[in-house]
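The structure under discussion appears below in the form of structure tokens.
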């Protein structure tokens, strides 16, 4: 039974070997066999398989000269290795290379031949047949090109751990080692390319683009990563489209309509040349030439697109190209190709026919051709250098170099296996693999740990995702001035592993946009906002579409297209255009401004006038007027007024912490001292004159020492209020930034309640003083000037009642000005009302400043008080008599008369003896005002 099973497997496998896999191939035997997958054709012919008969293999169409050059690079590298005396000596590398036709089906057809051969080797059939001449197993595969093709191939090769090194598949999905176990590549992943594309768009300040991707495993993951990068940069994608070379015409036309109607001018394309070609043709037909194309590496150098007839549309394209390499001797190798010499390469014949547009004599295609596709015959010995094709474009070897590196990487891995010494290997117990019995999985293990320096001095190693470092060359499509062909001009580079800020470099002076312009195209949804404005959101529109809104006052933007306006610092304000901030003007009640000068002059005038009054009082201190006004308290009162005027000066000038803590206490204490003196003096005279006969008690109670004590006590209360205030909440200098263009330097009072107590206590004393002054208004005018004191207190109240609303309704320097005006007004009021009349009498009416004048005034007031008291007593007696005698009693008449001998005041005798008569009798009052007694009453 076992023998039958092996026999069946052998027969089936032999059938697979002989019949499976594409017939057209490049093949050479060797000790170790490498597989190759290359897109020798761009696609396959589309045929409807109705399955009426056995399905035929689809035919590949449109020869790919660049793909054939890549195949030649693999053959050239293998020939170099086989001719090397140091790399794999005495070992010959063979190859089997198939055409994928840029399709998954053809690639899988070829890959199955690799897998089938490896499966036969694993059956160990040597005991049943002589298998020494069979084709050796494929230990590694170079390819494929497209990411979609490589994805399918990797799924199959990964089942058998056959290493696969791609030279052009950049899809980021292939970095998933859990799914694609044996996949490796010598091209950077699209993970980096998508980031590089987003960086370029940000570099040119575009924010409104179109994204087009091929509908496969290359385009979809690439554009998905690109979308994420754009979101992070707040750049909008207007259209996001998929494309394929197999789209119907109406689908291509609909896509072209959407692109033509879009306002975005930049088109980002993640696709291969065959996939994007139908769209380019349609754009050329419509003559849409105002678009900028940003090409991924899959088509940035594609010969399908880089044609002179397409340049009107694609000129100015910015593309990503792989880092170019140098392959010594490759140019001569490419020129030596001939159908007769390269019998092992079946693709050479078709290449020759397509290059010279002819048929070889024994060509099978000649028999299959119809009369409409006439071509001349060719010998196969034509000069290949006389024809210009992409095959000989070896100026920038990019993919070809990747193929070259892939082959050498496999050879180096085999070299490491060859020279491995037991105990230093990578396998179990540090063992080494046998180069003669080596399996594919062992080569994969060695490749994962590969680290060598190639012939160009470059260090080669694969990272944890089996990828190489990402370095791109940025190219710009120019039109050749000689023949109008496409010229790929290098304009910069992108190094993903460089430092931040140094990854992207572009020389803008080398770029020609749309083939002729040096001005960067505009591809934004909205026009850039000018400095002084910011972007404003438009409802139901993407964030890239905005309206320009002027910055608010106090904010600015000094560059174009600002997203937000920057708030000016506290000490600055925005100019009229909101493009910069200027320093705010600092304001306070300055000594140099006219208003401050005027207030200072008023304060100085007040001090001078007060000092003048004090000098007059001191000079005439022994005159009756000065003595009658209690000169000691008058001195203190005048000193306090000087302090009041002086305290207003502290409010002028730039507020400092010490001035803020000094000015309110100085003002409060000065005013309380002033009002206390007026209060004590007024109340003392009132009590004396209201007493019928001054007694020793009055003289003792109102002695001079006690008067000063009362003044001290009243002032001490204000001092304590100030001390508590300064201790708990001391005022300080404060910069008020609330006003737009001005900084007001003011004093922060610390506690408004404390200020209220200070002013309130002052007003309380003033109210008491006003009460006593009002009661004293009928005292002798030459004695206390009670009416003027009353008037001065009225002025005080009017000023300070007006001060309260004015204080809280003003701001900045005017707060200090209001308080200075209040201090000066009330101080001038008290000075003028209390002292100016007396100074006028002393200086200009000396005749009234005599003892007799004072006595006359005092005596008249005394007799008036006595008369009123007697009249009141008499009236009360009559009312009592009337109530006893009945209503019939007659009411006696009464009369009061004041009689004096001669003048009312006898100035010669020095005595005044008025007589007062009340009906039935006469009362004589005699008052003597000796100097000593009067002085004691003071």
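Each residue's number is its place along the chain shown, starting with 1.
Here the Cβ of each residue, glycine as well, is placed from N, Cα and C on the backbone.
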Matching range for TrEMBL feature annotation, transmembrane segment, among 595-620, 855-880, 881-906, 907-932:
595-620
With the ranges 561-583, 814-836 to choose from, which does TrEMBL describe as transmembrane segment?
814-836
Could you tell me the mean pLDDT over the domain 'G-protein coupled receptors family 3 profile' (595-858), as a whole number?
79
Any residues 6+ beyond the ends of the transmembrane segment (708-727) with a Cβ under 8 Å from its own?
632-633, 636, 661, 664-665, 668-669, 672-673, 675-677, 679-680, 750-751, 754-755, 757-758, 761-762, 765
For the transmembrane segment (632-653) and the transmembrane segment (786-808), decide whether they are in contact, meaning at least 3 CB pairs lie under 8 A, counting pairs 6 or more apart in sequence.
no
Apart from its near flanks, which chain residues at least 6 from the ends of the transmembrane segment (595-620) lie with a Cβ under 8 angstroms of it?
589, 626, 631, 634-635, 638-639, 641-642, 644-646, 648-649, 652-653, 817, 820-821, 824, 827-828, 831, 835-836, 839, 842-843, 849
Mind checking which residues of the chain, 6+ beyond the ends of the transmembrane segment (752-774), have their Cβ under 8 Å from one of its Cβ atoms?
664-665, 668, 671-672, 675-676, 678-679, 682-683, 686, 714, 717-718, 721-722, 724-725, 728-729, 786, 789-790, 793-794, 796-797, 800
